[in-house]
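Colleague: Got a structure here, written out as structure tokens. Questions coming.
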Amino acid sequence: MTVKIGLLGLGTVGSGTVEILQDPQGRSPLLKAIEVKAVGVRSLDKPRQVNLPPEVLTTDLEAIVTDPDIAIVVELMGGLEPARSLILQAIAHKKHIVTANKAVIARYGPEIYEAANQHGVYVLLEAAVGGGIPIIKPLKQSLGGNRIQSIVGILNGTTNYILSRMTSEGADFDEVLTAAQQLGYAEADPSADVDGLDAADKIAILASLGFGGRVKREDVACEGIRSVSAVDIAYADRLGFVIKLLAIADGNAGEDSEALQLRVHPTLIAKDHPLASVNGVYNGVLVTGDPLGQVMFYGRGAGAGPTASAVVSDVINIVGIITSSDENPALDPLLSCTHQHYCQVSPIEDLVTRFYCRFLCADVPGVIGHLGMGFGNHGVSLESLVQIGFTDGCAEIVVVTHDVREGDYRAALEEISQLEAVKEIPSVIRVLS
């Protein structure tokens, strides 16, 4: 039995996917049952990395999603539109969907999955998070007997590359970003990466799977890495930390134990933490569950090979079902998505965590005492408060707190910022507790 598929997009990931499908030797035998019937592209004249018959290429994307011979549509276009509309149109024509589009799933997942369940088709998205790291399927299947407590990940290779180079070279953000763009690791407009938006899309998806409820993308608190300086990285190193952009879904971090904390932000993590050694363009995801404890997933988070590997694994899953089932089998609950309720999400002000903060203060007697009093007025307990040195004639003071409610900490900073001796608060970074 041959299963015909159609691809929407033939960029880096699309080309990598076709390369795997055209070279089945030594891979899953199910690959030999797959025929690429159509590939949607913007231009028929553009040079390609892969060899495909001219009749396979088309600029008519709607013809692919409505073709009665095509059983699986692989969406690799990226972006919100027309990707969302084409996915929904394909579902309405009873096509199974494989996608690497985290932005569409994070924002329109409920709409897409409702349509898929209504029409009896699958929407699989292993490639949407973590590139080649198998994390979606383990959360849905292998870890199903666990009560997930937290998911903590380095989910964006661009920002991890930038922070890794800033750490190893002592370089500033702008300098490393420019180098990353020249090497092709960062886009000309890097906002989705460096502002944390890409990682926020991904943690919204993982949280939905891990905690068994829908997640609104706007409920993910999001901060990027533009404000992280070489100075902070150096001080973090002296304190026994490294700085990483973490995406966190935590069922235990807020005052309300029934609500999740969903957040993306630069974070100080101890050097002996499992994620501290995830460097360069690599991704890592640490899942904590009961009774398993901790399990970590690690690998290349982007690129043609890793992402195409995840795409093809989803295609193989669906092909296996099609070739071994009755004509209209019931959806496998381990592959489909059926939850209807939304996860309750706690506001970031209720987060309980530690903080690192750097102050530039006038070099006058009593300034450290005034800082300590300002924190004490709001119940903020300090782990350390030390004067590191001088910058532009100001005393540079670094504070690390014990666990504190974020709202209380921010109130303390507001009071402290009004002190005459406090000239600037350049950095406020959370510390992973």
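Note that Cβ sites are derived from N, Cα and C of the backbone, with glycine treated the same way.
Residues or ranges marked as active site, proton donor by Swiss-Prot on the basis of sequence analysis: Lys202. Annotation comment: Swiss-Prot describes Thr12, Val13, Lys102, Gly303 as NADPH binding site, evidence class similarity to another entry. Marked as NAD(+) binding site by Swiss-Prot on the basis of similarity to another entry: Val13, Gly303. Annotated NADP(+) binding site per Swiss-Prot: Val13, Lys102, Gly184, Glu187, Gly303, in sequence order, evidence recorded as similarity to another entry. Residues annotated as Na(+) binding site in Swiss-Prot: Glu126, Val129, Gly131, Ile133. What Swiss-Prot records for Glu187, Asp198 is L-homoserine binding site. Positions annotated as domain 'ACT' by Swiss-Prot: 356-433.
Set these features in their place in the structure for me.
Modeller: Sequence-distant neighbours of Lys202 (active site, proton donor): residues of the same chain at least 6 apart with a C-beta under 8 Å from its C-beta are Lys102, Ala106, Ala128, Val129, Gly130, Gly153, Leu155, Asn156, Ala247.
DSSP classifies Lys102 (NADPH binding site) as helix under the three-state reduction.
Of all the Cβ atoms in the protein chains shown, 17 others lie within 10 Å of the Cβ of Gly303 (NADPH binding site). DSSP assigns Gly303 (NADPH binding site) to coil in the three-state reduction, outside any helix or strand.
If you draw a 10 Å sphere around the CB of Lys102 (NADPH binding site), it holds 25 other CB atoms from the protein chains shown.
Taking a C-beta cut-off of under 8 Å and a sequence gap of six or more, Ile133 (Na(+) binding site) has these contacts in its own chain: Asn283, Val285, Phe297, Tyr298, Gly299, Arg300, Gly301, Pro306, Ala310.
The Cβ of Asp198 (L-homoserine binding site) lies under 8 Å from the Cβ of Lys102, Leu155, Asn156, Thr158, Ala192, each of which sits 6+ residues away along the same chain.
Taken as a whole, the domain 'ACT' (356-433) shows an average pLDDT of 93 in this prediction.
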Colleague: Among the binding-site residues Val13, Val129, whose Cβ has the fewest other Cβ atoms within 10 Å?
Modeller: Val13
Colleague: Quiz question: given the binding-site residues Gly131, Gly184, which has the greatest number of C-beta atoms lying within 10 angstroms of its own C-beta?
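Modeller: Highest number of other Cβ atoms within 10 Å: Gly131.
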Colleague: Beyond Glu126, Val129, Gly131, Ile133, what residues of that chain have CB atoms within 8 A of the centre of the Na(+) site's CB atoms?
Modeller: Ala127, Ala128, Gly130, Gly132, Pro134, Ile135, Ile136, Asn283, Gly299, Gly301, Pro306, Thr307, Ala310
Colleague: Near Glu187 (NADP(+) binding site), which residues of its chain come within a Cβ-Cβ distance under 8 Å, counting only those 6 or more away in sequence?
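Modeller: Once residues fewer than 6 apart are set aside, Glu187 (NADP(+) binding site) is near Thr158, Gln181, Asp193.
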